Amino acid sequence: SQVNFEEESQNPPAVGHWKPLMPSKGDKEEPESGCQDAGGVHEPQSTEQLNVSRLRSSSVEIREKGSEFLRDELHKAQKELKLKDKECERLSKVREQLEQELEELTASLFEEAHKMVREANTKQAAAEKQLREARGKIDMLQAEVTALKTLVITSTPSSPNRELHPQLQSPSKAGFRKGHGRNKSTSSAMVSAASQNAAPEPVSRECKEVDSILFAEFQAWKESPTLDKSCSFLDRIYQEDVGPCLDFTKQELSELVRVAVEQNTLTIEPVASHTVPVGKAAAEECGGPKKCALSGLPRTCKHRIMLGDSGNYYYISPSCRARITAVCNFFTYIRYIQQGLVRQDVELMYWEVMRLRREMSLAKLGFYPSEM
């Protein structure tokens, strides 16, 4: 044992090469040789490098996956943004369309409201005008009914009213009387008709003879009285009396006068000699105190007429006034018969109609009372 110890002490121990901490560039090959001599020292170093390489590869993989995930999220966000942009654009168009429709609806509602207000104002004005006219006609009709009660109802075939039938008066009492100052065609009562247009000579009942044709036409009309001139009774009177009596030189104005008489809207009133024409028509159409608007002849005009509510006055001569008054009296009487206000025998009503026809015939021939 002592010998072995001595041998061991004489042989120096084998010592390996130490790896420097910071090897230089020239010592790159030395670790490799050292590793071959001491393999146990190289194993931990390789494990560390392997772990580092694994960490690097895993970090690269994580980075790539993160980048890919972010790209996917970015694509999704871009798609959602595009969809939202399209939705915003669509909603903007819808809002603009709704705003335009709202403006159009508001404008149409305002226009319709203004139109309704205008129509309501027009209807109200027309209704007020009709109400005033109706009240005036009611007052006029009440006055006529009051006068007719004393004139017509008291007249019977056995004891006729001589004021209603002036042809029954004596010659001394059959003279002309002064007419009303203002004469409306609807207010021409039988008293004014008899007083303004009395017969030139009284005719007794013995001198009368009923014409069978005229009397039959009057009886047929009396069964259902109407103002339609298509019936034979009124058609004959229009052709023989009314038409010629209202046929003046001024044809256009004559037609207006005829229509106003038929519609019961003509007014006759006296005027002063210094009154000037009033209305929209020209002076030559209205005539004047020295010129008749119907005949166009220079005549002294004491009366003027107004057609309806036109506001235009036309000066007329006494002859033209007599012709118009005769026609108005005829229409007034047949209106009374139509309304049932005349309660007489058919023959007496027939003779009154004949008397009015005679007055129209005389007026159209130029005969009229001097008081006109």
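Positions of Cβ are set from backbone N, Cα and C atoms, glycine also.
Annotated features in TrEMBL:
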- 67-151: coiled coil (COILED)
- 44-58: compositional bias 'Polar residues' (COMPBIAS)
- 156-172: compositional bias 'Polar residues' (COMPBIAS)
- 184-198: compositional bias 'Polar residues' (COMPBIAS)
- 65-149: domain 'GDP/GTP exchange factor Sec2 N-terminal' (DOMAIN)
- 1-58: region 'Disordered' (REGION)
- 156-203: region 'Disordered' (REGION)
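Along the coiled coil (67-151), the predicted structure has mean pLDDT 88. Each residue of the domain 'GDP/GTP exchange factor Sec2 N-terminal' (65-149) gets a DSSP state, and the totals for helix, strand and coil are 85 helix, 0 strand, 0 coil.
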